[in-house]
Amino acid sequence: SCIDFGGDCDGEKDDCQCCRSNGYCSCYNLFGYLKSGCKCEVGTSAEFRRICRRKAKQCYNSDPDKCVSVYKPKRR
């Protein structure tokens, strides 16, 4: 299921977990390598496209009712 904005996420997994509405996992870096205080935050379109593109598609496919994705099926 998706994590609400402000909810805890695991910074050791990756930067883009299933945060609601295309959010991303934002952490503080301590000493350059320890991640702490990781929370789901709203990302700008640039951040979202850079780190969350593939993950958002996976989240949307696994739980479309709870995740909003920019990837809607295109009609040809």
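Using N, Cα and C of the backbone, Cβ positions are placed for all residues, glycine too.
What Swiss-Prot records for Cys2-Cys19, Cys9-Cys25, Cys16-Cys52, Cys18-Cys40, Cys27-Cys38, Cys59-Cys67 is disulfide bond, and it gives a curator's inference as the kind of evidence.
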Does anything in the same chain, at least 6 positions from Cys19 (disulfide bond), have a Cβ under 8 Å from its Cβ, and if so what? Cys2, Ile3, Phe5, Gly7, Cys9, Cys25, Cys40, Glu41
With every protein chain in view, what's the tally of Cβ atoms within 10 Å of the Cβ of Cys25 (disulfide bond), excluding that atom itself? 27
